[in-house]
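Below: one structure, written as structure tokens.
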Ligand SMILES: Nc1nc2c(c(=O)[nH]1)N(C=O)[C@@H](CNc1ccc(C(=O)N[C@@H](CCC(=O)O)C(=O)O)cc1)CN2
Ligand SMILES: Nc1ncnc2c1ncn2[C@@H]1O[C@H](COP(=O)(O)OP(=O)(O)OP(=O)(O)O)[C@@H](O)[C@H]1O
């Protein structure tokens, strides 16, 4: 059995091995995926993220969201009362400052009161599998932020959709009890939906 931490660092190294040109090319293809574009139609308030550490380039998709008049938010690291994320409005003219991991965050913009105000959350990941399991950077930020979705009848509920390179897809990842499963994942090659909520009509 390969240790989770070893797996995470190997998968991160695999992701980082892609060139910035490949990450951008993949990001352009991602922004053309019909399954993803379909979900965007019914979403108005959308969380995205700025890429880091070899992640697929979200620039083309964010440009498309702005073009379509969507309200785009970016994650803001919060450490109290526990590690979680808030979401700050991101517009083309928003000032950004790097957070403690060097990822730019909006400053001085409106912050959502609750993640349930999002219609759709586009989620970064290190690895995913065909059941919607996700391995992230290991901070538990996304899991804690969306843990409330696991309560029966939790509402309102944003759709959770991972963005990734195809090379981040693995056959079977171990599921941890606190993991919040993804509804879908979009890559440069396909849109994978893991339940009816993320299905094209
Ligand atoms: N682009 C992007 N933004 C994101 C995430 C992400 O995965 N990708 N996150 C997803 O949750 C949150 C940030 N989580 C992170 C957790 C750990 C590390 C990281 O690099 N950890 C270093 C140790 C750094 C240190 O302690 O100073 C490491 O593991 O090597 C980065 C981001 C919010 N924003
Ligand atoms: N809902 C939760 N409540 C309490 N602790 C949690 C919760 N979710 C995750 N954790 C803790 O956070 C730690 C990191 O979790 P995990 O390795 O699944 O993070 P990750 O999904 O890879 O990270 P990230 O979401 O930041 O990308 C674990 O040790 C776990 O115990």
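Here the Cβ of each residue, glycine as well, is placed from N, Cα and C on the backbone.
Bear in mind that the values here come from a model prediction, so they are computed numbers and not experimental data.
Per TrEMBL, substrate binding site is recorded for 50, 55. Sequence annotations record features per position, and here TrEMBL assigns ATP binding site to 134, 135, 136, 137, 138, 139, 140, 141, 142.
Those same-chain residues not listed among 134, 135, 136, 137, 138, 139, 140, 141, 142 yet with C-beta within 8 angstroms of the centroid of the ATP site C-beta atoms are 125, 126, 143.
Following the DSSP three-state reduction, the secondary structure of residue 134 (ATP binding site) is strand. A count of other CB atoms within 10 A of each Cβ picks out 140 as the most crowded of the binding-site residues 138, 140. Every protein chain shown contributes to the tally, and the Cβ of residue 136 (ATP binding site) ends up with 18 other Cβ atoms within 10 Å. Proximity to ligand 1 at the level of Cβ atoms, with a cut-off under 6 angstroms, picks out 142 from the binding-site residues 134, 140, 142.
Counting Cβ atoms from all protein chains shown, residue 55 (substrate binding site) has 24 others lying within 10 Å of its own Cβ. Around the Cβ of residue 50 (substrate binding site), the same chain contributes 58, 74, 96, 103, 104, each under 8 angstroms and 6 or more positions distant in sequence.
When the alpha carbons of residue 55 (substrate binding site) and residue 142 (ATP binding site) are compared, the span between them is 16 angstrom. Residue 140 (ATP binding site) carries neither a helix nor a strand DSSP state and counts as coil. Residue density at residue 142 (ATP binding site): 26 other Cβ atoms are found within 10 A of its Cβ, drawing on all protein chains shown.
Other C-beta atoms found within 10 angstroms of the C-beta of residue 134 (ATP binding site) number 24, with every protein chain shown included.
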